[in-house]
Amino acid sequence: MAGDLEGFNFEQRHGKDRVRVARVWRTPDGRNSMVEWEVSISLFSDCVDAYTRDDNSGIVATDTMKNTVYVKAKECSEQLSMEQFAILLAKHFTSYYKEVTAAVVKIVEKPWERVYVDGQPHEHGFKLGSEKHTTEVTVKKSGVVKLTSGIAGLSVLKTTKSGFEGFIRDKYTALPETQERMLATEVTASWRYSYDTLSSIPRDHLYFQERYMDVKKVLLNTFFGPPKEGVYSASVQSTLYQMARAVLARFPDISAVQLKMPNIHFLPVNISTKDNPSMVKFNDDVYLPTDEPHGSIQASLSRFWSRM
């Protein structure tokens, strides 16, 4: 919360970070579902006197925020997406406390995935996956909402159908042009939904979980292309743009997409000695994987009326 204080511009917020909670839902037929979330909360509130007058009467204690996470998780008798849980928490803080003008809730979901045994989904068994589902929700006391979801740590690689040529060459350039290379990256993606009020949020408790899976599928399909022939990538930049554009084209309720895609290098290996000039002669087969240093590519794509 910002304001004028003794001739200065003063901004403040407070909250609780890294509140870890796991929730299990059990159906009468014996099937269990579970999530593990790391929750961070920030509250904008009218508690300036705590900073200037040693008066804490306007502060919601951060320990109270932590306890609220567990209470609200307990109250969720039906399985829900973490976006819905974040909205529930933010709505609670802005409606329950008159001092709170806005709440920001961030959640990262640990990627537990149901295991399959002999081709059948296990009723209560899970294994840890890789990429993480993320969300950030801002709710104001007026009911205005800003909702983003995302993916962190989505590692992808293809061994062909990638090149890089036609870039600026000068006296500092040593990189050869190529139409054949490996392409690897770790995608960090975020997308903003067009819903801007609490009343406009879909009522289906798993809507955003399903949308997350659908967006991830579109990103992967665009990166790889058809299973037989694939799709050629002229650069990480080109592939990034195609991925972002595919998401906006497929989902009308997503107004903006941001992608970060570092170029993780697989360098051709050539080894020679005086006695053996072709000890290892590269033929699109042996590479040195390295992630330092790596190229850094990021961009956002939005509809004209959106603000990412």
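Numbering starts at 1 and runs along the chain as it is shown here.
Note that Cβ sites are derived from N, Cα and C of the backbone, with glycine treated the same way.
Noted in TrEMBL for the protein shown:
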- K16: active site, charge relay system (ACT_SITE)
- T62, D63, F164, R181, V236, Q237, N263: urate binding site (BINDING)
- T62, N263: O2 binding site (BINDING)
- T62, D63, F164, R181, V236, Q237, N263: 5-hydroxyisourate binding site (BINDING)
- T62: active site, charge relay system (ACT_SITE)
- H265: active site, charge relay system (ACT_SITE)
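A distance of 37 Å separates the Cα atom of V236 (urate binding site) from that of K16 (active site, charge relay system). Taking the Cα atom of each, K16 (active site, charge relay system) and R181 (urate binding site) are about 45 angstrom apart. The two recorded residues Q237 (urate binding site) and H265 (active site, charge relay system) have their Cα atoms spaced 15 Å from each other.
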